[in-house]
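Asker: After the structure tokens below, expect a handful of questions from me.
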Number of protein chains: 2
Amino acid sequence: MIKKNKSKIKVIPLGGLGEIGKNITAIEYADEIIVIDCGLAFPDTEMYGIDLVIPDITYLLNNSEKVKGFVLTHGHEDHIGALPYILKQLNVPVYGTKLTLGLVKSKLEEHNMLSDCTLVEVKPREEVKTENFRVEFIRTCHSISDACALAIHTPEGIIVHTGDFKIDYTPIDGELIDLQRFSRFVKQKVLLLMADSTNVERPGYTVSEKIIGENLTRIFGTAKGRVIVASFASNINRVQQIINSSLSYGRKIAFSGRSMEKISNIAIELGYMHLPEDQLISVDDINKYPSDKVTIITTGSQGEPMAALSRIAYSSHKKITIEKGDLIIISASPIPGNQRLISKVIDELFKKGAEVIYNALEEVHVSGHACQEELKIMHTLVKPKFFMPVHGEYRHLKQHELLAKKLGMDSKNIFVLETGQVLELSRNSAKKSGTVTSGSIMVDGLGIGDVGNIVLRDRKHLSQDGILTVVVTIDKASSSIISGPEIITRGFVYVKESGNLLNEATALVKSELDTCMEKKITEWSIIKSNIKRTLGIFLYNKTGRKPIILPIIMEI
Amino acid sequence: MIKKNKSKIKVIPLGGLGEIGKNITAIEYADEIIVIDCGLAFPDTEMYGIDLVIPDITYLLNNSEKVKGFVLTHGHEDHIGALPYILKQLNVPVYGTKLTLGLVKSKLEEHNMLSDCTLVEVKPREEVKTENFRVEFIRTCHSISDACALAIHTPEGIIVHTGDFKIDYTPIDGELIDLQRFSRFVKQKVLLLMADSTNVERPGYTVSEKIIGENLTRIFGTAKGRVIVASFASNINRVQQIINSSLSYGRKIAFSGRSMEKISNIAIELGYMHLPEDQLISVDDINKYPSDKVTIITTGSQGEPMAALSRIAYSSHKKITIEKGDLIIISASPIPGNQRLISKVIDELFKKGAEVIYNALEEVHVSGHACQEELKIMHTLVKPKFFMPVHGEYRHLKQHELLAKKLGMDSKNIFVLETGQVLELSRNSAKKSGTVTSGSIMVDGLGIGDVGNIVLRDRKHLSQDGILTVVVTIDKASSSIISGPEIITRGFVYVKESGNLLNEATALVKSELDTCMEKKITEWSIIKSNIKRTLGIFLYNKTGRKPIILPIIMEI
């Protein structure tokens, strides 16, 4: 062990900077590393066929003996979703609050690995201790219950990581953000603040969750038939408010959608959600009650094609069919990239005769992240020596830098990092100090990391212009064509509509092959590349498209 | 000719309802049809590889002798973009205002068909006359100059079609919406109003374009280096304001991006844009001037990968490289579906050291469509007997219906149609009356309509899991394998990372073939389907993926 490093702290974001998703940050001191969160990201539009993305933890694996555990801020997918994949490679204890661990537990059970993992529950204001670190959990508000910020006490000073937070003075569960605790840090001199940047572009304050509940109750009052509400399953306080609104009109509640059923179950079991047992009904039984006595709470608020709301909209849901008089409430706002999907679902619901309320029409959703005025409160309470904006795309981090500067912070004390960059801190100094291996590991079906850029490039190419396979069987000895050439296409052109195109293409390949045979070219790779070139030019001139051309020579 | 039909008007939307794009509506009376607009749509996310979408005009072709011409409301792509494709099939006169026709002309020139077409310029308050129709052009405001509503005088009454409009009391070009003309219709009793529904979800008023100009000038005042503004090329008034702000700080102007150069040229030539010749510089010359004396106006405000702004951001622009001190203004808002693209461009520009201003930070863009209060003005001025909301997704049309009802209209007089449905009108009645052929024709490269649902389904499938081709050469006479089986994949798995997977798959196919041979199965289709099934199950169990499997049997 190199002793001289002992006086430096390293903050190493392995994900979550310059992106929304896969939040994971290593804090290293001497021979110890603790890791904040372990999230996944959803694939971006260029990641064809990819199911989800997890962080590259090469750095942690290379230093595995140092890693003391994961400390979790809250139970959202972008903070816990990669755990089942990562714990398989690096099995260390996981610390978090009750609900957060409840959600982790359910994930590990699905991956059949719960018994191999160590989960340790921590309450707000409690601490996790290692040789060099004391990690204190501090209650915050967010769009999931039991969210915490972390104060990481190190020999060089305190690092405050806000997690995802907002300031809600009237939270549904009565659990206020622990502003007192944040304010007491001023005396202890916080070395580094790492704060949520998601909503830094938005002026003002985030509306209280309570307002949404009042709006929901008012809207429920107008409903003549069933009410079907789509929301995020993990937004337990929102679901609680939907339950409350329903109960106040004597409506029974049914949950629909796998994650809605699962998370509600966990939340009820752990005491985070309250629903009298006799008010909960199965989706199978909704038709046993009058329409105006039923509420269905469902997944699919993002228009996901396989989720319950989409299936309801497109009449492919086995148990729920839209009836005239149904009122649908989409209690969520579209995540960028999902607008078109959710728009189509809304249109479809209207066409089926339902009334649909969504955020453009009524305030039925509120964000879980702090807007500018809330961020100012956090900065002002904590008053850190150094600041590092986290949890945001690069422009959010830059805007957060600007906000800190406007509050009087010296720009040389603000560090906008990218994933993989290292911030090195001592009690008096901070500087960017190199980079470590980091990146995205793509999960596709059962494969983890077996789809890379070449496969993605091919998938993109295939999706644009399709593929054209040319097969020919050649007798190498006599240099003669035994069978073929045959052309088979997928995704290129509708064969019935393509007229003589493929016949002409086949003839062209035939003549190209004849030329090669005449010239006694026996190097298959040259023949293939000649076919590709000639055919490529022909097809582009005829169709303006460039399909993947796959020449296959069968040799006998 | 069937005389009894003479007393009915048919309004037939062939596009533009239940979608944003490809606006085209036929108005039929007796033996005459006039067609309002002829737009294209941009492909939605499921239309893999498609360049653009044009309306299916089978109905017009089947009634081609009746069609008297196209009357254009304004020069946006979703109102004129399909003309080059449609006029090739149905060459009738095209009527529109000067700028609109200037843009059409440029399109037809590109398609090398200008000399074959008849373009007839119409001024606001002028009319186009046929035997049964008088089509009056009425000036409106929109995000392109020279936009008009249409009042179509028929023997049964007046149809008012607003086109795309907003009410701007202080438009940049001084050309006010002709509210007086709209208000005079009350005496003449308007039979049907067809009104723009795009912004019906938004309460209040659309801000005047002038405010954007004031904001731009203020922001320009803070710039220390070059200013690069991305906007819609067709938003001529916006570009004019960017020019004005630039000139007020002594900046020269360079245009970048094909459509920006082209449309500015047309607008300047026709007198819709004003820029002293000595203030216009070429992009080649920007480095000859001090940074703070240069403005570049560019395309790419939607993050389109091939447009100038993206190329600037990703350092692939040949002539423009981001310098420290550059101020980028994105004077546009993201069209749904483009958010992620534009976000990435903004992030990239920040990373390169530029400052970026976009609509989330400053009011640098305003919509061209009427919000609720403006729509109320239009409804109240025109006071139609019947109402048909147009130009919007289905939910917009439904919301517009609601707005009309709130203004006191009887719901039985409001008709929410879908593309292809027919509204039949007489002076006293209106009813939905059947449907005609309508739909989307996809343009991919040079192909028009040769890509259909099967090809798209294959492209989608290919993009998700790729393709696996299995080739084998078989001697039919002896029922023996001469060569192969060989497996080649694209977009399925990175071969180097796939370990023994493809070898195992090949062995599996071999044994499946052997079984077939033993059983003397000589029906290729059965052998192929056996291979597909066996291999499909194997691959799914191993990888969780379902690539397209393409078995090819070469017979000798």
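Any Cβ shown, glycine's included, is placed from N, Cα and C.
The feature active site, proton donor is assigned by TrEMBL to A:ASP196. The active site, proton acceptor annotation in TrEMBL covers A:HIS369. Annotated Ca(2+) binding site per TrEMBL: A:GLY49, A:ASP51, A:ASP444, in sequence order. According to TrEMBL, the feature Zn(2+) 1 binding site maps to A:HIS74, A:HIS76, A:HIS142, A:HIS391. Under the heading Zn(2+) 2 binding site, TrEMBL lists A:ASP78, A:HIS79, A:ASP164. Marked as substrate binding site by TrEMBL: A:ALA233, A:SER234, A:ASN235, A:HIS365, A:VAL366, A:SER367, A:GLY368, A:HIS369. Residues or ranges marked as domain 'Metallo-beta-lactamase' in TrEMBL: A:21-216.
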Asker: Can you filter A:ASP78, A:ALA233, A:SER367, A:HIS391, A:ASP444 (the binding-site residues) down to those whose Cβ is less than 8 Å from some Cβ in chain B?
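Answerer: From A:ASP78, A:ALA233, A:SER367, A:HIS391, A:ASP444, the ones near chain B are A:ASP444.
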Asker: Which one of the recorded positions (A:HIS74, A:HIS369) has its C-beta surrounded by the most other C-beta atoms within 10 angstroms?
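Answerer: That would be A:HIS74, with the most Cβ atoms nearby.
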Asker: Under 8 Å between C-beta atoms and at least six apart in sequence, can you list the same-chain neighbours of A:ASP51 (Ca(2+) binding site), or say none if there are none?
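Answerer: Within the chain, A:ASP51 (Ca(2+) binding site) has Cβ neighbours under 8 Å at A:PRO43, A:VAL443, A:ASP444, A:GLY445.
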Asker: Given the binding-site residues A:HIS76, A:HIS79, A:ASP164, which lie within 10 A of A:GLY368 (substrate binding site) by CA-CA distance?
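Answerer: Cα filter at 10 Å returns A:ASP164.
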Asker: Give me the CA-CA distance between A:HIS391 (Zn(2+) 1 binding site) and A:ASP196 (active site, proton donor), in Å, as a whole number.
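Answerer: Computed Cα spacing between A:HIS391 (Zn(2+) 1 binding site) and A:ASP196 (active site, proton donor) is 5 Å.
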Asker: Can you give the mean pLDDT for the domain 'Metallo-beta-lactamase' (A:21-216), rounded to a whole number?
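Answerer: In the predicted model, the domain 'Metallo-beta-lactamase' (A:21-216) has a mean pLDDT of 95.
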Asker: How many Å lie between the Cα of A:HIS79 (Zn(2+) 2 binding site) and the Cα of A:HIS365 (substrate binding site)?
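Answerer: Between the alpha carbons of A:HIS79 (Zn(2+) 2 binding site) and A:HIS365 (substrate binding site) there are 22 Å.
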Asker: Using a Cβ-Cβ cut-off under 8 angstroms and a sequence gap of six or more, which residues of the chain neighbour A:HIS76 (Zn(2+) 1 binding site)?
Answerer: A:GLY39, A:SER143, A:ILE144, A:ASP164, A:SER234
Asker: Look at each of the binding-site residues, A:ASN235, A:SER367, and point out the one with the fewest other Cβ atoms around it within 10 Å.
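Answerer: Per-residue Cβ counts within 10 Å for the binding-site residues A:ASN235, A:SER367 bottom out at A:SER367.
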Asker: Within 8 Å of the Cβ centroid of the Zn(2+) 2 site residues A:ASP78, A:HIS79, A:ASP164, which other residues of the same chain have their Cβ?
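Answerer: Not counting the recorded site residues, we get A:ASN23, A:ASP37, A:GLY39, A:THR73, A:HIS74, A:HIS76, A:GLU77, A:ILE80, A:GLY163, A:HIS391.
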Asker: If I take the Cα of A:SER367 (substrate binding site) as reference, which of the recorded positions A:GLY49, A:HIS74, A:ASP78, A:HIS142, A:ASP196 has the closest Cα?
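Answerer: Among A:GLY49, A:HIS74, A:ASP78, A:HIS142, A:ASP196, A:HIS142.
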Asker: When the Cα-Cα distance from A:ALA233 (substrate binding site) is computed for each of the recorded positions A:GLY49, A:ASP78, A:HIS369, which gives the smallest value?
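Answerer: Answer for the nearest of the recorded positions: A:ASP78.
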Asker: Using the alpha carbons only, what distance in Å do you get between A:HIS365 (substrate binding site) and A:ASP196 (active site, proton donor) once rounded?
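Answerer: So the Cα of A:ASP196 (active site, proton donor) lies 20 Å away from that of A:HIS365 (substrate binding site).
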Asker: Using a 10 Å cut-off, grab the number of neighbouring Cβ atoms around the Cβ of A:VAL366 (substrate binding site), all chains included.
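Answerer: Cβ-Cβ neighbours of A:VAL366 (substrate binding site) within 10 Å number 22.
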Asker: Applying the rule Cβ within 8 Å of the centroid of the Cβ atoms of A:HIS74, A:HIS76, A:HIS142, A:HIS391, what extra residues of the same chain belong around the Zn(2+) 1 site?
Answerer: A:THR73, A:ASP78, A:HIS79, A:SER143, A:ILE144, A:ALA147, A:GLY163, A:ASP164, A:PHE165, A:ASP196, A:GLY368
Asker: Would you mind checking how many other C-beta atoms are within 10 angstroms of the C-beta on A:SER234 (substrate binding site)?
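Answerer: Here the count is 22.
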Asker: Looking only at C-alpha atoms, tell me how far A:ASN235 (substrate binding site) is from A:HIS142 (Zn(2+) 1 binding site), rounded to the nearest Å.
Answerer: 9
Asker: Near the residue listed as 'active site, proton acceptor', meaning Cα within 10 Å, which of A:GLY49, A:HIS74, A:ASP78 (binding-site residues)?
Answerer: none
Asker: Take the Cβ of A:GLY49 (Ca(2+) binding site) and count every other Cβ within 10 Å, whichever protein chain it belongs to.
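Answerer: The answer is 24 other Cβ atoms.
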